[in-house]
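Asks: Handing you a structure now.
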Amino acid sequence: MAGNFDSEERSSWYWGRLSRQEAVALLQGQRHGVFLVRDSSTSPGDYVLSVSENSRVSHYIINSSGPRPPVPPSPAQPPPGVSPSRLRIGDQEFDSLPALLEFYKIHYLDTTTLIEPVARSRQGSGVILRQEEAEYVRALFDFNGNDEEDLPFKKGDILRIRDKPEEQWWNAEDSEGKRGMIPVPYVEKYRPASASVSALIGGNQEGSHPQPLGGPEPGPYAQPSVNTPLPNLQNGPIYARVIQKRVPNAYDKTALALEVGELVKVTKINVSGQWEGECNGKRGHFPFTHVRLLDQQNPDEDFS
């Protein structure tokens, strides 16, 4: 299913000058396909498409050739002798940002299409904290996690606290940007020296140290897939191969258990990223990031 946003509504997806760290703070933990567009801080005139996908935040550079267009571009024609700007992301070229966003509503970037812009309400919710305002804890014991929403850690790990929904269970982030619930009795409060904070907690999926808010962009950019369209179930059955094991909660009878290498018949594609399908004679829902779609033109090549 394609995204449910208006690509012509600039205010919903364009954030202007926003650092990579700020983008990660807004998108980390959001569902797959939530995104924003911002100005590149290292390449004036270019843009960056930041997207929550596959349990991390990916950043795709959008290069602009010629005069930079307004966002969204004005319908007025460029002056004589001035070539209209072209926007390039990976191997694809577009006349405008709305056209680019429309394309990735129905084509995969890496593991997701664009579903919806990140909510503006998160900007004022306190989600973006300067390093000196953040709260940290240090692990006293190893914790392997008991279910999918837990954050495993080792004794001595430094974690950043994001939220305290329960007295004995807090939401935290580790040095790789992974988030989850941690048991409070397993940790102690920790106050790092301000100069060493960036060495303790990473700010993006590449594992590089976070930069001050508004600082330069660390790490490389992701590259979108080449013309991977969202499949259409109306054209016939769609099959996928499991690439990540899934052990669902025992109390959720509608969830589908998956083993790496198994074949899944996809029966419904939901915009939330929770797909429905059949595997080993059972039906249920599963995260689409746990499977890889087979080549629908030559599916027999992947059935072995």
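Using the three backbone atoms N, Cα and C, a Cβ is placed for every residue, glycine included.
As annotated in Swiss-Prot:
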| type | residues | note |
| --- | --- | --- |
| COMPBIAS | 67-82 | compositional bias 'Pro residues' |
| DOMAIN | 13-118 | domain 'SH2' |
| DOMAIN | 132-192 | domain 'SH3 1' |
| DOMAIN | 235-296 | domain 'SH3 2' |
| MOD_RES | ALA2 | N-acetylalanine |
| MOD_RES | SER40 | phosphoserine |
| MOD_RES | SER41 | phosphoserine |
| MOD_RES | SER74 | phosphoserine |
| MOD_RES | SER83 | phosphoserine |
| MOD_RES | TYR108 | phosphotyrosine |
| MOD_RES | SER125 | phosphoserine |
| MOD_RES | TYR221 | phosphotyrosine |
| MOD_RES | TYR239 | phosphotyrosine |
| REGION | 60-85 | region 'Disordered' |
| REGION | 201-229 | region 'Disordered' |
| SITE | PRO237 | site 'Proline switch' |
Asks: Just counting, how many other CB atoms are there within 10 A of the CB of SER41 (phosphoserine)?
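Replies: There are 17 such Cβ atoms around SER41 (phosphoserine).
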Asks: Could you give the mean pLDDT over the domain 'SH3 2' (235-296), rounded to a whole number?
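Replies: Summarising the domain 'SH3 2' (235-296) by its mean pLDDT gives 83.
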Asks: Which number gives the other C-beta atoms within 10 angstroms of the C-beta of TYR239 (phosphotyrosine), all protein chains shown included?
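Replies: Taking all protein chains shown, TYR239 (phosphotyrosine) has 19 Cβ neighbours within 10 Å.
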Asks: Could you give the Cα-Cα distance between SER41 (phosphoserine) and TYR108 (phosphotyrosine), in whole Å?
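Replies: Cα to Cα, SER41 (phosphoserine) and TYR108 (phosphotyrosine) are separated by 25 Å.
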Asks: What is the total of other Cβ atoms whose distance to the Cβ of SER40 (phosphoserine) is within 10 Å?
Replies: 19
Asks: Going by Cα-Cα distance, which of the recorded positions (SER40, PRO237, TYR239) sits nearest to TYR108 (phosphotyrosine)?
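Replies: Looking at Cα distances from TYR108 (phosphotyrosine), the smallest one goes to TYR239.
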Asks: Mind giving me a neighbour count for PRO237 (site 'Proline switch')? Other Cβ atoms within 10 Å of its Cβ, every protein chain shown.
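Replies: That number is 11.
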Asks: How big is the gap, in Å, between the Cα of TYR239 (phosphotyrosine) and that of SER40 (phosphoserine), rounded to a whole number?
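Replies: That comes out at 38 Å between the alpha carbons.
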Asks: Can you tell me the CA-to-CA distance separating PRO237 (site 'Proline switch') and SER40 (phosphoserine), as a whole number of Å?
Replies: 41
Asks: For TYR108 (phosphotyrosine), just count the other CB atoms lying within 10 A of its CB, please.
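Replies: The answer is 19.
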